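Data block below; observations after.
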There are 2 protein chains.
Amino acid sequence: MNSQPTASSPAANDAANPAAIVLLSGGLDSTTCLAIAQQQGYRVHCLSFRYGQRHQYELQRAENIARQFQVASHQVVDIDLAQFGGSALTDQNLIVPKHDTADEIGAEIPITYVPARNTVFLSLALAMAETHAANDVFIGVNALDYSGYPDCRSEYIQAFQTMANLATKQGVQGEKLTIHTPLIDLTKAEIIAKGLSLGVDYAMTLSCYDPLPPGVPCGHCDACLLRNRGFAENSIHDPSVQ
Amino acid sequence: MNSQPTASSPAANDAANPAAIVLLSGGLDSTTCLAIAQQQGYRVHCLSFRYGQRHQYELQRAENIARQFQVASHQVVDIDLAQFGGSALTDQNLIVPKHDTADEIGAEIPITYVPARNTVFLSLALAMAETHAANDVFIGVNALDYSGYPDCRSEYIQAFQTMANLATKQGVQGEKLTIHTPLIDLTKAEIIAKGLSLGVDYAMTLSCYDPLPPGVPCGHCDACLLRNRGFAENSIHDPSVQ
């Protein structure tokens, strides 16, 4: 893993490089995570989900991003989490909370939390890892901005990794699966700075929970406000905003 | 949880009883597991999966069984594990191994193992549990007959439970989720004896990995042979076999 390709370089796709699964939503965090995985020399297989999210526009962004990064493969899995309900991200009858500034975002578990979402996503990444003989999974969870989401915390990720190594044929055969969370302790501003240093084009990404057609950020949901603050702290304009 | 309803009694569906999620494939093990959960007084919500399995006939059985048990609800989730490949259960190009007797079944991980299947299923059960405010999930895994499947072992289930309690809003709020595996240490003969004592009608169940239309057991896959031996050890005829 000595190669240092740029974000859009296919050098990491050499078959000699180890395979990794990257969960790619099409947002700012997961795109930065993808750039980091490629920079570390992994041959990346991306995994995205059409899970009933109201912000499905992000999936088109994910496809564009995967193409631009020239990843080894990109799979979009359909799994309807809306049928379980319980979240404003999947239930059109619930309202995505809006604020004027990021400082108004509370520390409690928000209604945009989707029950067991990261567990479902990581489980499917585990299935994909096993069939690609990959021992590495990258997920762009962040414990600072998403302190209210139980499945964005380090202790959760550690427990998932322990379970995953007992769950699979690879684990039984002595291979060690690692869940990488390179963003977990970074602020949004630090994530953006990291991505920019790797050549990420954030104009391609969409973070909004509740975008207007054809994918225009609302500017007031938690995801928009955290993103806006991250760019402001870097004193740069968010290239995705006209 | 003092009520002792029979397998087909709706007594357990009283709203005062605690809710539980039961993973129901339509096979012998999961149907016994459902009977046990109802006997223990849980108000049962069943969860089944259309995951690209070649033995989809089992889903019709699951629906019939859920109806007969008068469960509180039954949800069938579509999740295409076939797109990841790697298993004879989901890949029509791979052959389900056949033998003459159960003694010929090896101890290695068989090609019918589906990568991360139980992890994916339990993750979705976790999402369903959270939206039903259920603290209990039942899964009919068995460590004796399926010694080759890593995700049927007790240490795996324990690790999943630990992870699950860190993953969800319920866990963070101090509720304790329990994964119940009432069959894990039983032989197939013991499972059948237990189910019969609870009034399970095994004629409704289908265990075969590779059934002929419209759901006739092949008689020679691992699942058929283990089932046949279980009935033989009880000295009774399998009512699902003509």
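Even glycines carry a Cβ here, placed using N, Cα and C.
Taken verbatim from TrEMBL:
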- A:LEU24, A:SER25, A:GLY26, A:GLY27, A:LEU28, A:ASP29, A:SER30, A:THR31, A:THR32, A:CYS33, A:LEU34: ATP binding site (BINDING)
- A:CYS208, A:CYS218, A:CYS221, A:CYS224: Zn(2+) binding site (BINDING)
For A:THR32 (ATP binding site), the three-state class that DSSP assigns: helix
Residue from A:LEU24, A:SER30, A:LEU34 whose C-alpha is spatially nearest that of A:CYS224 (Zn(2+) binding site), among the binding-site residues: A:SER30
A:LEU34 (ATP binding site) to A:CYS208 (Zn(2+) binding site) - Cα separation in whole Å: 19
Per-residue Cβ crowding (10 Å cut-off), top of binding-site residues A:LEU34, A:CYS208, A:CYS218: A:LEU34
Extra residues within 8 Å (Cβ to Cβ centroid of A:LEU24, A:SER25, A:GLY26, A:GLY27, A:LEU28, A:ASP29, A:SER30, A:THR31, A:THR32, A:CYS33, A:LEU34), ATP: A:ALA62, A:ILE65, A:GLY140, A:THR205
By Cα-Cα distance, the member of binding-site residues A:CYS208, A:CYS218, A:CYS221 nearest A:SER30 (ATP binding site): A:CYS208
Other C-beta atoms that fall within 10 angstroms of the C-beta of A:SER30 (ATP binding site): 25
Candidates A:LEU24, A:LEU28, A:CYS221, A:CYS224: member of the binding-site residues with the richest Cβ shell (10 Å): A:LEU24
Residues close to Zn(2+) site centre defined by A:CYS208, A:CYS218, A:CYS221, A:CYS224, Cβ within 8 Å: A:VAL96, A:LYS98, A:SER207, A:TYR209, A:ASP210, A:PRO211, A:PRO217, A:GLY219, A:HIS220, A:ASP222, A:ALA223, A:LEU225
Alpha-carbon distance [A:CYS208 (Zn(2+) binding site); A:LEU24 (ATP binding site)] in Å: 15
